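What follows is one structure encoded as structure tokens, with my remarks underneath.
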Amino acid sequence: MATRAPDRSTAVSRHRSERLSRQLAHRLDVKASPYAYVAPFLLLFCAFGLFPLVYTAWVSLHEWTLLSDVHKFVGLDNFTFLLGDSYFWNATFNTLSIGLVSTVPQLLLAIWLAHLLNRPLRAQTLFRVTLLLPNVTSVVAVVVIFSQLFGRDYGLINWVLSWFGVGAIDWNAGTATSHVAISTMIMWRWTGYNALLFLAAMQAVPRELYEAATIDGASGFKQLRKITIPMIKPTIVFVVITSTIGAMQVVAEPLLFGTYSPTGGPDRQYQTLALFIYENFTKLDFGYASAISWMMFVFIVIIAGVNYLLTRRSGGNIT
Amino acid sequence: MIPRLGASKTRTLTYLTLIAVVFFSALPLYYSVVVASRDNSALADVPPPLFPGGNFFTNVENVFTTVPFALALLNSILVAGSIAISVMFFSTLAGFAFAKLRFRGRNALLLITVATMMVPTQLGIIPLYLIMVKLEWTGSMYALIVPALVNAFGVFFMTQYLSRALPTELLEAGRVDGCTTWGLFWHVVLPVARPAAAVLGMLTFMSAWNDYFWPLVVLTPENPTVQVALSSLAAGYVSDYALSLTGTTLGTLPLVIVFALLGKQIIGGIMQGAVKG
């Protein structure tokens with residue numbers, strides 16, 4: 001062990017092997033590190049994102065309740081029952097109706113607001129911060145606040161309407177009125193957020209295009225239609241798709257608007273698909289709830305796909 | 001940009017419209033403060049009360065005795081805080097790998113990451129609940145924290161930022177000096193990533209604080225987060241709007257204050273994330 005003065009050849013070979021192992025460690029580091037760094041995300045996604053999706057399909061083929069450990073395989077029975085279930089089609093109609101009423105005006109308004117903000121203005125930051133304020137408010141807070149505003153007897157909205165001779169509206173009771181109320185909540189929370197996404201895209205449009213158009217005498221509205229909208233189309237497609245996916249999953253608003261009842265009003269007048277899933281979840285009928293989940297997934301893929309094709313095609317192209 | 005003719009008229013119209021938007025954005029929040037500071041019976045007045053009253057602190061006391069609101073606040077701070085810190089760290093780590101490191105399958109994995117942002121979260125609720133039953137995490141904060149430790153949006157956000165803001169030469173210089181990959185991450189990437197990571201942390205904290213549906217499914221009313229406590233307040237006292245709006249004011253106020261102070265940075269972050277590469 002006492003190798004105080006090792007001879008030259010062993011020193012060289014030790015040096016060499018040290019360098020070799022360091023090289024090896026370096027190569028291992030360079031090769032393996034990237035995988036190690038993305039691994040936490042991928043593992044977590046597989047465990048809590050991908051696996052549940054696949055597992056939903058498996059559960060949907062069973063008669064599955066939490067009350068029993070035996071889960072009987074029933075094939076497609078849940079799906080067959082679903083297609084004949086009028087509650088399911090009612091929930092589908094409500095989801096589409098609320099989705100349409102909340103998304104279409106919201107996106108038009110958001111583009112217009114972004115267009116207004118996309119010019120030199122005083123107090124830009126103030127405008128932007130207040131635009132996003134509703135988005136910082138939680139769903140629970142939004143629905144509690146708006147339930148008060150939409151109250152039949154003491155609500156602020158009915159009070160304002162009474163100036164115009166409109167009698168007290170029971171917003172919660174009707175199909176159309178409840179859909180308008182719920183859509184208002186969704187619009188209030190998301191219009192500003194989407195306006196900011198559009199604004200970000202608009203600021204990347206080259207200024208020269210507008211200057212040329214102004215010289216040619218094109219009006220502000222014409223510039224919006226002919227220059228801005230075609231130029232920000234990728235963002236529009238993105239926002240339309242994410243809004244669609246969001247609209248298909250609306251659940252907290254109708255749940256809370258119906259003061260916690262998972263049926264979405266006494267006549268199910270505003271029960272959405274996601275709320276229908278939750279209702280069957282609270283009944284511990286997990287097999288049926290999973291079947292609804294998969295149908296909802298199919299709807300989302302179809303509607304998002306159709307929207308993608310529509311938004312990509314429509315309008316003029318500059319690029 | 002604005003046509004010369006009638007430019008000042010257009011300008012006034014723009015300001016008026018934007019002021020109207022500000023008004024409608026702020027009105028519901030203002031009105032909830034009005035209701036929260038009143039006795040519930042005052043809401044039956046015609047015309048309705050339009051200015052704050054003096055009943056706020058009595059209402060606050062009632063909120064804390066009606067539902068376990070102190071526990072809910074503690075839980076929400078714990079959940080949102082740990083999720084925010086973890087998302088910042090793991091997203092920066094993965095973002096660094098995607099933006100600046102070379103490895104086989106990088107593009108495919110990045111594509112998967114972007115695609116997962118589109119997967120509807122509501123679909124997995126039932127199996128996720130079954131998993132939590134198996135792990136015996138129902139009713140516990142683990143059920144909220146663990147699935148949210150890192151997400152696709154965060155990874156994508158940091159990838160975008162680092163591929164723009166992190167000079168490759170800086171990394172090469174670090175390599176020449178004998179830094180390991182971990183050393184590069186610690187000494188070079190983290191300092192550069194700090195501003196974007198802070199914005200990401202804020203956004204994550206806000207959305208975790210506001211998350212409602214999954215906590216409702218997996219927690220009990222006895223051990224709630226703020227949002228779950230607020231909803232049981234609203235459900236139990238249907239007619240007592242003063243009480244439930246006091247709750248929402250208390251639950252929203254911390255975020256609104258933070259947002260008012262850091263709003264500029266947060267908005268910058270959202271808008272940067274929006275312009276996709």
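Here, residue 1 is simply the first one shown, and the rest follow in order.
Cβ coordinates come from backbone N, Cα and C, glycine included.
Database features (TrEMBL):
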- B:73-262: domain 'ABC transmembrane type-1' (DOMAIN)
- B:12-31: transmembrane segment (TRANSMEM)
- B:69-96: transmembrane segment (TRANSMEM)
- B:108-130: transmembrane segment (TRANSMEM)
- B:142-163: transmembrane segment (TRANSMEM)
- B:184-209: transmembrane segment (TRANSMEM)
- B:241-262: transmembrane segment (TRANSMEM)
*Of the listed stretches B:12-31, B:108-130, B:142-163, B:184-209, B:241-262, which one has the most C-beta pairs under 8 A with the transmembrane segment (B:69-96)?*
B:142-163
_Other parts of the chain folded back onto the transmembrane segment (B:241-262), taken as Cβ under 8 Å at six or more residues beyond its ends_ = 29, 32-33, 35-36, 38-40, 42-43, 55-56, 59-60, 62-63, 66-67, 69, 202, 206, 209-210, 226-227, 229-230, 233-234
_Counting only residues 6 or more past its boundaries, what in the same chain has a CB within less than 8 Å of a CB in the transmembrane segment (B:142-163)?_
79, 82-83, 86-88, 90-92, 94-96, 98-100, 110, 113-114, 116-117, 128, 132, 135, 189, 192-193, 196-197, 200, 204, 208, 211, 214-215, 218-219, 225, 269, 272-273, 276-277
